[in-house]
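One structure below.
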Amino acid sequence: MSCLACCCASATCGLCSSVASGISRKSARIAYCGLFGASLVVSWILRETAAPLLEKLSWINTSDSYTKEWYQQQAVLRVSFGNFLFFAIYALVMIGVKDQNDRRDSWHHGGWPVKMIVWFLLVVLMFFVPNEIISIYGILSKFGAGAFLLVQVVLLLDATHNWNDSWVEKDERKWYVALLVISIVCYIATYAFSGVLFMWFNPSGHDCGLNVFFIVMTMILAFVFAIVALHPAVNGSLLPASVISVYCAYVCYTGLSSEPHDYVCNGLNRSKAVTASTLTLGMLTTVLSVLYSALRAGSSTTFLSPPSSPRAGGKEALLEDPEDGKKNGEAEARPVSYSYSFFHIIFALASMYAAMLLSGWTDSSESASLIDVGWTSVWVKICTGWATAALYIWTLIAPLILPDREFY
């Protein structure tokens, strides 16, 4: 297994070297996305194969009480720490970049062979870092992962409001009907799915009060969204309320499904002997969702856009760099369309979030067999749903509480 991992790593390095030279300004964000995705795959491979090797390293194996799960967490956290440092350093370097005449603009888009070497060295060096530092990083990663989830919540709220506003601005009957139909469908889906959650996570014959509380709270929040949004003083819309309701129901499901496999109220009854195909599918889903979320957040103009940046990022292709195409001899400075620094901050936070998923939030004994399972994961997801609800209600009532402030 270790030989296979080494062969895969060698092949990956060769592929990366050949690809690096072909990366252009347009594909830079794709390249960062690929680099981040590679770090997740490396974390996953080492999580499954590196425990015997780490046991032989005296500066890591400092106690006879360390279990296989602990070594697996160490492998994930050390790769994540190297990845985090790479993006965090770039975030610091890119502070204040406002136009393409800044030399650092080329650092952001070019130099990929050097970037890949630096990234590789940082990851390798993390396996020589004392355990105490990795433990501190593991603790900080919980907060970083929470910040990453909050960014996703803000993006969701911004997207739903923009969706609603774009259809309302058309001022045609068919678009108003479409808004109403989609809103009704979303609310029906929310309550129907909540009913399914009752069947899955509140089996008869067991006291599952906590699960019932989570599900009922989600249903109550969905109702509150509609009441607040349709209040005459708020003058809101039903579409954002319905979409947020569906999202909260989904987050509730992901939280409940993360309950330990032997918990009697987890009706999914996941066995400890998870099949390779199930584990692979779960990992791929995690990788794709984290990749998209990080890329979307990092490229968004909702956060920290440079003062000179045109806030038109929503109309651009997600994986294209609109700064592409500096003309020969063109002296006029073109503003960057998104904050490079914030772009790298998001990937740094996403590194922390991915580490928490793959390590069971560093305190789950089941992390050796299952990804993202344990009570810590449950509460993080449930609290994310509640934070989404609080932020959405705040966006509705903030103009009433603070009438002198301008809200976008």
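The backbone N, Cα and C atoms fix where each Cβ goes, and this holds for glycine too.
Taken verbatim from TrEMBL:
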type	residues	note
COMPBIAS	313-330	compositional bias 'Basic and acidic residues'
REGION	300-330	region 'Disordered'
TRANSMEM	28-46	transmembrane segment
TRANSMEM	75-97	transmembrane segment
TRANSMEM	109-129	transmembrane segment
TRANSMEM	136-155	transmembrane segment
TRANSMEM	175-201	transmembrane segment
TRANSMEM	208-231	transmembrane segment
TRANSMEM	237-256	transmembrane segment
TRANSMEM	276-295	transmembrane segment
TRANSMEM	338-358	transmembrane segment
TRANSMEM	378-402	transmembrane segment
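When each of 75-97, 208-231, 237-256, 338-358 is checked for Cβ pairs under 8 Å to the transmembrane segment (378-402), 237-256 comes out on top.
Segment contact is absent for the transmembrane segment (109-129) and the transmembrane segment (208-231), given fewer than three CB pairs below 8 angstroms at sequence separation of 6 or more. Counted as Cβ pairs under 8 Å, contacts with the transmembrane segment (175-201) are highest for 208-231 among 28-46, 75-97, 136-155, 208-231. Between the transmembrane segment (136-155) and the transmembrane segment (28-46), the number of CB pairs under 8 angstroms, six or more residues apart, is fewer than three, so the stretches are not in contact. Scored on C-beta pairs under 8 angstroms, the neighbour of the transmembrane segment (237-256) with the top count among 28-46, 208-231, 338-358 is 208-231.
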